[in-house]
């Protein structure tokens, strides 16, 4: 056993390095960036990230091919599902107002390697998303001029026929990305005002579509004569929901901007809720207008709104719709270019990515190196890759980030508070107090200790000391991660011996595994696996029960209550439902997406083990000199002895000095306690 234990030490230490958590600064408001974004700025950033080309293209596509007029319900359900993920981001953005979004949230709760992989995948998602929007922007503008740009490029510049590569280099898409990148480098205020302008134009166009569209609405288009409201049934509504969910991807730009928000504790949750409600309202009302203007089965998926106005005899309205579409795509483009460099900056600032990207311009207060490099990479992708090839690689990184953020909310909510240590041994005493190893007569009669509030209180009698011990036991019973008192008679014997938060951590893992298993049975059970009906039902019951039971076990523990910042309600049920939804959508993605994901993760692991793990600031922090921490030992008789201990990097400490020398009786009691 001893030999096995010694042989396992290197592996244990290696796992500890991979799963070390980020240490946050005492003052999270201090930053090298400029805190200048208001709640309105953040809300418009969120709206710009969500209301893009999907409003003008996705509504018609889902209505015609998937759900019919019931696309309204699809957007409503998708908005509610997105709200669950958005609430998790809002809690973290208010609690940890640092740039990095899902990467940062995972780092402070799950561990370093998981955070790196989340950040690594989100970076690629933003790059692909920005390039895809630029391609769509170019194609939409080119179609207004009868594809003149495409024809000229193919005939006079270049044309090629390679799989997954565009037939011609899209110079217009690459050019708009380069121009947008230059504007982003001017600072957050310039980016914000550009977003304000494009968002205002887009909202005005949406308002025009709604007012004019409801004037032209004909309820007959929802009647049985045209196929009814839900021609594809409930399955069509749910299939449409899975597609419409991606329309709300983009609200995480708000959390990514938390380090530049003036009052993140209030602005982040409010901006997240407002932007998501505005986006959901726009999608629901526009899809309502669209399916009431013309029959759903006659929609043009490529330009549904413009075609609807044209068929009603108002072709001039199509130009207004085109302007709104281009402005909406500009806001999405700015959102991607705004968020991507900040995640790269956060990873570089923590030492997990190349330090070159951690430099912040002293004038504009933005990570210029990250903006320029990744903006140009995005332009290169838009130049050579086809739009369809880009789109099929989207979403898995974002859904994975949503899943880890939801799990992180549960972990942090039930995680016990860490003991604060100080770097100097005398930090627990007043600067004006002289150290005296000899106990004074008063000290022998009363022990002076520091309470949680930081105030000093004397315990002069034995009954006072017993009261202190009872207070400590009460605090331990109500501490985060401890089994609730009302559940102790039922679960105390089974779960009472675990460390605080340990059962919750295992339960979160069980939630993740059961979610994957349950969704895999739903997605692959009937077709790919061809399971019999009885085994399909049994697996659904087993994995579903495990999922619900794990959530109930988590709920049976004491949560961490924080009234200063926003907290997600109904934890762990809302994050658990978000995890289930995200896993289901991930398993619905194409095999090519999973192949891309596997290759990209392998490349990320090479970067992490080749650079990140050796330059991690948390790893360097572990190599710093030992810290000293004061601890109070309660002896069996109730006596209190204050000790000063050195804190080792691995969490173990050895007593190095006594602030107060115990009496002989206390020494005997201490020896008895040791035995």
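Just so it is clear, glycine is given a Cβ too, placed from its N, Cα and C backbone atoms.
From the options 146-165, 346-365, 366-385, 426-445, the stretch TrEMBL describes as transmembrane segment is 366-385. Per TrEMBL, the listed range annotated as transmembrane segment is 39-58 (candidates: 39-58, 99-118). Which of 171-190, 451-470 counts as transmembrane segment depends on TrEMBL, and there it is 171-190. Counting same-chain residues at least six beyond the ends of the transmembrane segment (366-385), those with a Cβ under 8 angstroms from any Cβ of the stretch are 33, 123, 127-128, 130-132, 134-135, 138, 164-166, 169-171, 173-175, 177-178, 180-181, 184-185, 187-188, 336-337, 340-342, 344-345, 348, 356-360. Between the transmembrane segment (70-90) and the transmembrane segment (568-587), the number of CB pairs under 8 angstroms, six or more residues apart, is three or more, so the stretches are in contact. Most Cβ pairs under 8 Å with the transmembrane segment (568-587) belong to 391-414, among the candidate stretches 39-58, 391-414, 503-524, 536-556.
Taking DSSP states H, G and I as helix and E and B as strand, the domain 'Cationic amino acid transporter C-terminal' (566-616) has 40 helix, 0 strand, 11 coil. The average pLDDT computed over the domain 'Cationic amino acid transporter C-terminal' (566-616) stands at 91. Taking Cβ pairs closer than 8 Å, the transmembrane segment (316-338) reaches residues 45, 47-49, 51-53, 55-56, 126, 129-130, 133-134, 136-137, 140-141, 144, 176-177, 180-181, 184, 191, 194-195, 198-199, 201-202, 204-206, 208-209, 212, 250, 253, 256-257, 303, 305-307, 309-310, 371, 375, 378 in its own chain, all 6 or more past its ends. Per-stretch counts of Cβ pairs under 8 Å to the transmembrane segment (39-58) identify 229-255 as the leading one among 197-217, 229-255, 503-524.
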